[in-house]
Amino acid sequence: MSPAFRAMDVEPRTKGILLEPFVHQVGGHSCVLRFNETTLCKPLIPREHQFYETLPAEMRKFTPQYKGVVSVCFEEDEDRNLCLIAYPLKGDHGTVDLVDNSDCEPKSKVLRWTTKKHHVLESEKTPKEWVRQHRKEEKMKSHKLEEEFEWLKKSEVLYYSVEKKGNVSSQLKHYNPWSMKCHQQQLQRMKENAKHRNQYKFILLENLTSRYEVPCVLDLKMGTRQHGDDASEEKAANQIRKCQQSTSAVIGVRVCGMQVYQAGSGQLMFMNKYHGRKLSVQGFKEALFQFFHNGRYLRRELLGPVLKKLAELKAVLERQESYRFYSSSLLVIYDGKEWPEVALDSDAEDLEDLSEESADESAGAYAYKPIGASSVDVRMIDFAHTTCRLYGEDSVVHEGQDAGYIFGLQSLIDIVTEISEDSGE
């Protein structure tokens, strides 16, 4: 049994929150769930939990905010569907943000422990009873989509055309095969372990995509080595082989997953880790170019902010003594929303912030106005195999900085710089 599923004595309270699949998960094998608009939930792995609780202050801006621990239970409805429900956990030192104070989407419905009864499960209304009603409504909507995804999940790269006139964000949640796959696998693992226990500890983390209307997400596996010091010989050999057969060995980074909305063509593009492993260095560069391309032209205004954040992160990691971030990923996130176009003959003050798009790229009479489009995020995630001399129980203590991870960051900086220079910036 994996560390995330070891028996733990946890005591659920009287109220719980129904956890939903996190639709913007593009990589990793651990299931990530949506707790509320700004908070995600994933199985607690002791080493990752330890990392977040002892995180160096200067690294905090490059990792999701840690919000605490919850107890998660599951119920099976009459159709044998499993639903995961989170309960508050007494005694955790993290701060659980139970009320969404974000003003990014003030009109959105928020899940709380004590309000919104259509989302909160109270003791007098059994979870099973509530779940049956909820599932019955959702089943009719999702049945056809599930049938369509049987073949989509087998594809390493897929495109899906969306209705550009509709709400792209709402359509996006239906078409992420990797998210569906991880959610189904998580439920199956919990079902198989049901005889042993029905309660698990999950950690709560900041939802990095919550401030973006149409999140474009790139998941990069960083470093030249992926296996932890505690890996078995078989596991280590398997991870070494994956690195040797991918760009990890050559440039210290490989694509682990990608989700891009190309507003110009009205397509969603998904790429999974299996395709990422097959990419050559040139293929990796092309994938990065594709990530920053909206189907009509390159989003050049994103490249400068990305380079700045990568350089800042590199400087921070160069100061971290004895840390090794084995199998950790780096997320790059920006908004793929198509912003309104502004006519070139508009008033001067309207043109003040226009991007420098040429006439042929912007269909002649218009230039593209990326309002807030340069807002891009770069964060480290997944620390289940991180090690440091602060973790006294580790049998291996490393010296100096994580050269493999830093090498991958420098490669990334070089490639994004190359894309920027080739595009004429």
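We number each residue from 1, going along the chain as drawn.
Glycine residues also receive a Cβ, built from the backbone N, Cα and C atoms like all the rest.
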Quiz item: What does Swiss-Prot list, out of ASP79, ASP382, ASP394, as binding the same ATP as GLU206, ASN207, LEU208, ASP219?
Solution: ASP382
Practice problem: Please find, for GLU206, ASN207, LEU208, ASP219, ASP382 as listed binding ATP, the greatest distance between any two Cα atoms, in Å. | Solution: 16
Exercise. Would you kindly give the Cα-Cα distance separating ASN238 (substrate binding site) and LEU208 (ATP binding site), rounded to the nearest Å?
Key: 31
Self-check item: ASN238 (substrate binding site) and ASP219 (ATP binding site), Cα-Cα, nearest whole angstrom
Solution: 21
